[in-house]
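Visitor: Pulled from TrEMBL, these are the listed features:
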{"type": "DOMAIN", "residues": "39-74", "note": "domain 'EF-hand'"}
{"type": "BINDING", "residues": "ASP52, ASP54, SER56, PHE58, GLU63", "note": "Ca(2+) 1 binding site"}
{"type": "DOMAIN", "residues": "78-109", "note": "domain 'EF-hand'"}
{"type": "BINDING", "residues": "ASP91, ASP93, ASP95, LYS97, GLU102", "note": "Ca(2+) 2 binding site"}
Amino acid sequence: MAITDILSAKDIESALSSCQADDSFNYKSFFSMVGLSSKTPDQIKKVFGILDQDKSGFIEEEELQLFLKNFSSSARVLTSAETKAFLAAGDTDGDGKIGVEEFQSLVKA
């Protein structure tokens, strides 16, 4: 499954262009711009499955750093500060990674 099966390519392009500069990524505005915030829990779960590159059931810090590349191979890598802030926002149980329920809560936050 491709991410564009769930999200519009045009919305993805707009969202990526809004955070091209280092340290300009904001997960809340990104989720809103790509239209993820308005998707069903099942659709959000499918996007989680795409982002979970190693299929461990979690999005770890390394996968978060490459988050934008899941939307476009030409997108930048998140900075260390952006990655840590994103992880801190999503990791509600403190295990150092984001599970599917945590991701769904983060998207709807």
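Backbone N, Cα and C atoms are what each Cβ position is placed from, and that goes for glycine too.
Worth saying up front: this structure is predicted, and the values here are computed from it rather than measured.
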Visitor: List, in sequence order, the same-chain residues at least six positions removed whose CB sits under 8 Å from that of ASP91 (Ca(2+) 2 binding site)?
Guide: LYS97, ILE98, GLU102
Visitor: Need one number: mean pLDDT over the domain 'EF-hand' (39-74).
Guide: 96
Visitor: Give the sequence-ordered set of same-chain residues, not counting ASP52, ASP54, SER56, PHE58, GLU63, with Cβ within 8 Å of the centre of the Cβ atoms defining the Ca(2+) 1 site.
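Guide: Counting only non-site residues, the set is LEU51, GLN53, LYS55, GLY57, ILE59, GLU60, LYS97.
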Visitor: Round to the nearest Å and give the CA-to-CA distance linking ASP54 (Ca(2+) 1 binding site) with ASP95 (Ca(2+) 2 binding site).
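Guide: Per the Cα atoms, ASP54 (Ca(2+) 1 binding site) and ASP95 (Ca(2+) 2 binding site) stand 17 Å apart.
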Visitor: Can you work out which residues elsewhere in the same chain, 6+ from the ends of the domain 'EF-hand' (39-74), have a Cβ less than 8 Å from its Cβ atoms?
Guide: 1-3, 5-7, 12-13, 15-16, 19, 25, 80, 83-84, 86-87, 90, 96-100, 103-104, 107-108
Visitor: Which Cβ among the binding-site residues (ASP54, GLU63, GLU102) has the fewest C-beta neighbours inside 10 Å?
Guide: ASP54
Visitor: How do the residues of the domain 'EF-hand' (39-74) split into helix, strand and coil according to DSSP?
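Guide: Here the numbers are 20 helix, 3 strand, 13 coil.
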Visitor: Per DSSP, what is the helix/strand/coil residue tally across the domain 'EF-hand' (78-109)?
Guide: 20 helix, 3 strand, 9 coil
Visitor: For the C-alpha pair, I'd like the distance in angstrom between GLU63 (Ca(2+) 1 binding site) and ASP95 (Ca(2+) 2 binding site), rounded off.
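Guide: Approximately 15 Å lies between the Cα of GLU63 (Ca(2+) 1 binding site) and that of ASP95 (Ca(2+) 2 binding site).
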Visitor: For ASP52 (Ca(2+) 1 binding site), what residues in its own chain, 6 or more apart in sequence, show a Cβ-Cβ distance under 8 Å?
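Guide: Result: PHE58, ILE59, GLU63.
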Visitor: Just to verify a number: CA distance, ASP93 (Ca(2+) 2 binding site) to SER56 (Ca(2+) 1 binding site), in angstrom, no decimals.
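Guide: Here the two Cα atoms are 17 Å apart.
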